[in-house]
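Taken verbatim from TrEMBL:
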TRANSMEM  A:20-46  transmembrane segment
TRANSMEM  A:58-76  transmembrane segment
TRANSMEM  A:96-120  transmembrane segment
TRANSMEM  A:132-150  transmembrane segment
TRANSMEM  A:191-212  transmembrane segment
TRANSMEM  A:224-243  transmembrane segment
TRANSMEM  A:341-366  transmembrane segment
TRANSMEM  A:378-400  transmembrane segment
TRANSMEM  A:430-450  transmembrane segment
Amino acid sequence: MLSVGLSIVSLARFQFAMTTVFHFFFVPFSIGMGFLVAIMETIYAVKKDKVYLDMAKFWGKIFLLSFAVGIVTGIIQEFQFGMNWSEYSRFMGDVFGAPLAIEALLAFFIESVFIGIWMFTWDRFKPGVHAFMIWMTSIGTMLSAIWILAANSFMQHPTGFKINNATGRVQLTDFGAVIGNPQLWRVFPHVIIAAFMTAAVVITGMSAYGLLRKKKNENHFFKTSLRFGLWASLIFAILSAGAGDLQTQQIIKDQPMKFAATEGIYEDTKDPAPWTVVELINAKDHKASGQLEVPGVLSILAYHRLSGSVKGMNTINKEMHAKYDKQFGKNMDYYVPPKTLFWSFRVMTGIDALIMLVSLVGLIFSRKKKDTIESHKWMLVILGLCIWVPFIGNSAGWFITEFGRYPWIVYGLFTIAQAVSPTSTVATLLFSNIVYFLLFTLLGGVMIWYSRQTLHHGPYYEEADSKQNVDPFAKEAFGK
Amino acid sequence: MTLSTLWFIVIGLLFSIFLFLEGFDFGVGMSTRFLAKDDVERAAIMSTIGPHWDGNETWLVTAGGAMFASLPLWYASLFSGYYILFLLVLVGLILRGVSFEFHKHAETSTGRNLWMWAFFIGSILPPFFLCMILLSMVQGIPMNANGDAFPKFFDVVNLLSVVGGVAGVLLSLVHGLNFIRLRMEGPLRDRARNLNKILYPILFLGEVVFAALVFLQTDFFTKRFTSSLIITALIVLFSLLGYYGVLKNREGWSFAGSGLSLSMVIVLLFNGLFPRVMIATNPAHSILIKNAANSQYTLTIMTIVAGILVPIVAIYFIWSYSLFTKRINPRENTVKY
């Protein structure tokens, strides 16, 4: 029976991971694209430079493709707390439902209504008014991020609650504390900036491919887009590192195990603490070896000081046993998956550094005076290949956040194993896992295919039947 | 009235609005096969809800969120108990949601066909299975003391739940055709009316069978006879109003009638459920509103938030509809969505 029980939890976890990771390919990209397209359209509205209108329209198409996949995979998220994690929903309903409902009321309505208007009113509103519609959409997507991260931050670091002794469930006592959760206001900038960076890198990469095609009439368009994307990705890559640093400060306080695992520290470090670049992790025996260390750097990363040691996982495990054994029993395993966290952190930060470097080099090569980037094909190819990189970085970041919470679903209060629906069976979970997997493969593949096709057509593509292909709500059609 | 009861009503209201709005979206999706004759017409039909469908669907997301935020034990039991059916609802909503955007980009007739079929199937699955879930649950299903529902196959698939699902689909189709009559001109507008002339009599038959089965299979009429009777009568009366609008060519009346019929179905179910939210075969295991509810504190916050936000949403939501009132003629001003 135990093995069946375990596989229900692992299947449910796998499904949650699959649906959220897939959803989160498109969410940061959409948030970023909405924001950058809004900026493009605003530049057009102010400067009346037509290339920015072309950019808003062209990149808007890519934005809409991603937005569509983001929406439909988002509905799954709202349903699956009840479907797969009903015990979690019962335990957390008093705290968790409110941000979700507010997200729908405050954010989803804004984005869904205004994106509908934006899509169909290019010819009906003045540029400034039309840009307002995409700004509303963009604000909606960002508000949505705040509320879902508020919910997630509670799971990372519960605040403003008590445990109701009669029901054994979480009870909200201070809504302000949930909104003011320090975790939230450190994770939100990090996520939102990474979202902007993701979109900027994709715009840069697709523009690089566009330049590779060497079409005369598109050169100005893709060159402007490339420079726009490079500037944005450089700025946001730098800001992202800063935001990540702020978040780290909070994690050391709230979730020391997560921090120790991202740095692969089993035993308490020396003072000042050295930073391990790479090492071999033996997760089974809770040991690490072959460290390549830089002295003193971890103290700076962790405390912004030149001194201070960092607790290792073995110490923290003992502390957590002392703290939680009474309630959760002696058999709990408080070690988070160390290799996943250690390497995810290095992948994430490495990608951020890579994007900074590539953006900087790209900017140098594409300076207006020197028309050299077109003649450096290798540089364009590198920029093109970088399209995929931020998506890996985003996923790695969430791996740290979510795997680093193990074994808790709500930190210190409720374990993952407690949270799963008692109604779940292996058969139904396998079925839904397969259905989602097939659907996601289809959606992801088609989305990439149509984006590629859009790029292939370029910004000045006239569809064969364009004469008839008039926007049904266009001004002429609309005249009463 | 307690706050938890208020939120039970709010959830009912949100579901009613959702069915009114997304009901015609579903019907429009079905019309791509039942009404349109070629790709041009299908695309034109699809374009009538282009700016609106996402906003309409947000009412469902809000209803689900409100359920989680106010009566989480209901949310947990219902969604976990009808796992496979909710999965099928989701598959439908996913296929439908992407079809709008993907259809625009399809360049071959195979591609366009694929996404049109996704649109069609995605418009049938959600109303069918959502109605099926609700009408299965109100008959009473096996539950345990924890609130976990374990409906067996025939608890889920039975005469009432299937008739309810079919009636929900049919009513959505009729509603969608009424919307098309309101939003299009030319032959599609006329053909939608003609099709509804045929569909309404079938719908009335369906509604009578549905009402009889609700009378026989649920305790609605034993628990609250008068109100159940009045609401059932209203479902039929609003449908008659819609039919009257078809015969007299009053499109606004038809649209309001079919939409309100859909909303009244939710009102009937919520009225019959009260004060329960889940009905178990063993009455001791039924979940009551007061037991499913969140704390007074959370409900107060949600009441304030909703009280401020819902009117604001309503204003810009209605305004967004007012922007798109020009009738669409597939042969004149649109080919592709």
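Quick reminder: no glycine exception, Cβ is built from N, Cα and C everywhere.
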**Request:** Given the cut-off of 8 Å on Cβ pairs that are 6 or more apart in sequence, determine whether the transmembrane segment (A:341-366) and the transmembrane segment (A:132-150) share at least 3 such pairs.
**Result:** no
**Request:** Among A:20-46, A:191-212, A:224-243, A:378-400, point out the range having the most Cβ pairs under 8 angstroms from the transmembrane segment (A:58-76).
**Result:** A:20-46
**Request:** Check the transmembrane segment (A:132-150) against each of A:20-46, A:191-212, A:378-400, A:430-450 and return whichever range has the most CB pairs under 8 Å.
**Result:** A:20-46
**Prompt:** Is the transmembrane segment (A:20-46) packed against any residues at least 6 beyond its ends, judged by a Cβ distance under 8 Å, and which are they?
**Reply:** 52-53, 55-56, 59-60, 62-63, 66-67, 69-70, 73-74, 76-77, 126-128, 130-131, 134-135, 137-138, 141-142, 145, 191-192, 194-200, 202-203, 228, 232, 390-391, 394-395, 398, 402, 440, 444, 447
**Asked** Do the transmembrane segment (A:378-400) and the transmembrane segment (A:96-120) share at least 3 Cβ pairs closer than 8 Å, excluding pairs fewer than 6 residues apart in sequence?
**Response** no
**Complete:** Long-range Cβ contacts under 8 Å made by the transmembrane segment (A:96-120), restricted to residues 6 or more beyond its ends, are 64, 67, 71, 78, 81, 89, 130, 133-134, 136-137, 139-141, 143-144, 146-148, 150-151, 154, 172, 175, 178, 471-473
